[in-house]
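A short write-up of the structure that comes next.
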């Protein structure tokens, strides 16, 4: 099977539009948790209520984007023991410092005592690694269920990446079609508590079962392969039109009362939007790639994982109903501060520590005996 050629890593950009769109995905999830039930109970226009209710669909966008970005970042790297160590340290450096901060922030405002088993699973990021029918273990930070699913993706990424490199264009397209069929067939649940439209052993399947979300991640990897090999033949004006049409199509779906299959269709369309934005030639991609949205997009992980603890803290300190106004503003401001003061410095420190350890290992007398 003849593989296709991809761009050299030295020729690749940072894909700023894909950083900017992360903010809107995280903010959509925040609005889902803050405003969905409020909008429905207070008679908001149907389209607005549906957009808020469908904000949970920011999660599959993150899963697809994760597959895309990881494939993009590591294309061309040799998959060996050193890569695996470097990959997992980089992933921990990326997610764990902010996650640990969020866990500590959540402890004083937990509504119920935390079982020891839940605490251990949460610290190990395996709280979503369970079987159909199991009671969920997301009591510490509920939104972290998706982080546990991401950690499952990371566990298999070093195995999937070299396989994907063996695929030619036709095989890549076929794998993407299978992934899209699974995304559509399984459906993307509208809320974290909604069951998937299948039943295993008599149990309705919860959306945090990692293997059932794997098609979204693989779809993102396939989109990246297409991006690396296919040059954008469109002009700036044509790219603007394509980006606009895909954005309108996805936004149009969000204004509707979606069933799981329609939500799966949204995930497929948003993947195509990510592919169009990655080329960075249209107006929307240039807008998303601006400095302000770049900062907010960089803080999107903190915004996502801190929203639960921040909301509970505001509920404890700010009288109702003012907490509904204060909480979102406080959460966004906190996420930017945590991104700048904790996430970036901690990641830099841990990656430098890894580099020093690797240099020390290569210079060890045991590994480099005198000639």
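Cβ coordinates are placed from backbone N, Cα and C, and glycine is handled just like the others.
TrEMBL entries are annotated by machine, without manual review.
According to TrEMBL, the feature domain 'Acyltransferase 3' maps to 17-341.
Marked as transmembrane segment by TrEMBL: 21-39 (among others).
What TrEMBL records for 51-73 (among others) is transmembrane segment.
What TrEMBL records for 93-110 (among others) is transmembrane segment.
Annotation comment: TrEMBL describes 140-160 (among others) as transmembrane segment. Within its own chain, the transmembrane segment (140-160) is flanked in space by residues 29, 33, 59, 62-63, 66-67, 70, 79, 83-84, 87-88, 91, 95, 99, 102-103, 106, 110, 114, 118-119, 122, 125-129, 192, 208, 210-211, 213-214, 217-218, 221, 304-305, 307-309, which lie at least six positions past its ends and keep a Cβ under 8 Å from the stretch.
Residues or ranges marked as transmembrane segment in TrEMBL: 261-280 (among others). Same-chain residues lying 6+ beyond the ends of the transmembrane segment (261-280) with a Cβ under 8 Å from its Cβ atoms: 13, 15-18, 21, 54, 57, 60-61, 64-65, 68, 180, 183-190, 197, 216, 219-220, 223, 226-227, 232, 234, 239, 242-243, 246-247, 249-250, 253-254, 286, 288-289.
Taken from TrEMBL, the feature transmembrane segment covers 287-305 (among others). Sequence-distant neighbours of the transmembrane segment (287-305) (same chain, 6+ residues past either end, Cβ-Cβ under 8 Å): 16-23, 25-27, 29-30, 62, 94-95, 98-99, 102, 141, 143-144, 146-147, 277, 280, 331-332, 334-336, 338-340, 342-344.
If you look up TrEMBL, you'll see 325-342 (among others) marked as transmembrane segment.
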Between the transmembrane segment (21-39) and the stretches 51-73, 93-110, 325-342, the largest tally of CB pairs under 8 Å belongs to 51-73
